[in-house]
């Protein structure tokens, strides 16, 4: 598992270089982005069980707080960074879209590697994914709707089609065909990673003309967005009285986004430049997540009595 997480950023960089060198190879595949994201979310649904959702009744305060951080911090940070860094409006749109998306599916793996509360991570990811049906269009409209037309109804229908329905289908199949699903479940993690790599490559190919001028500033915004999310998520969780294990879990959930959804919506409604923050976020949050997990594991090994 650790090897897969470590190899993903390398694969993303190689795919991006290929797409930048020969964009015409990947540009025709733009219509495949939403189906690919649907496959990823179907795979996520197959890993869930009813307890992923019923756990909310066992610790409602922590879960509600985590969801508030997820949808309260990340779009606000994105909006603030966009204006502080003087980003073009199209890039601000993409950054806000990423910030308004639910937690990323990779967060559960990173949480496991970081010795966090995996059950809490899975529940937060599952619930934030379902809430995205309303939260993502609404927050995007709230932050950028005054400057850019935001097709709220269209985004809602797309999220229903590529997020909610695939997740629900995977969850039902897991319930009905549990043994079979467990046998094929292992294939979905590498398949999902390949799908994300393909999506990143397509976005880089479509944005090739703007990358030379915009890559550095967009990358800076993405790194700061992810970093502020991780730090603020942990800090606010500790201020709220949560233990270190739960706080690191919330930090990972807040800082890691389902940026593939942001890419898909940006490409459909706002253009390739708006999809660039999501593509770079997909690369960076896996790098920062793996590094964070390594640091936390090292800390735990050196201070075995410091956890809570």
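Backbone N, Cα and C atoms are what each Cβ position is placed from, and that goes for glycine too.
Per TrEMBL, the features are as follows:
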- 29-50: transmembrane segment (TRANSMEM)
- 62-81: transmembrane segment (TRANSMEM)
- 87-111: transmembrane segment (TRANSMEM)
- 118-144: transmembrane segment (TRANSMEM)
- 150-174: transmembrane segment (TRANSMEM)
- 186-208: transmembrane segment (TRANSMEM)
- 214-237: transmembrane segment (TRANSMEM)
- 249-270: transmembrane segment (TRANSMEM)
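Listed by sequence, the residues of this chain that lie at least six past the ends of the transmembrane segment (29-50) yet keep a Cβ under 8 A from its Cβ atoms are 105, 122, 125-126, 129, 158, 161-163, 165-171, 173-175, 181, 184-185, 188-189, 191-192, 195-196, 198-199, 202, 206, 260-261, 263-264, 267-268.
Contact counts against the transmembrane segment (118-144), taken as Cβ pairs under 8 Å, peak for 87-111 among the stretches 62-81, 87-111, 150-174, 186-208, 214-237. Annotation: stretch 87-111 has the most Cβ pairs under 8 Å to the transmembrane segment (62-81), among 87-111, 214-237, 249-270. The largest share of C-beta pairs under 8 angstroms with the transmembrane segment (214-237) comes from 87-111, of the ranges 87-111, 150-174, 186-208. Away from its own ends, the transmembrane segment (87-111) comes close to residues 1, 5, 40-41, 44, 70-71, 74-79, 81, 117-118, 121-122, 124-125, 128-129, 131-132, 135-136, 139-140, 143-144, 147-148, 163, 192, 214, 217-218, 221-222, 225, 248-249, 252-254, 256-259, 261-262, 265-266, 270-271, 273-278, 281, 285-286, 289-290, 292-293 of its chain (Cβ-Cβ under 8 Å, at least six residues beyond either end).
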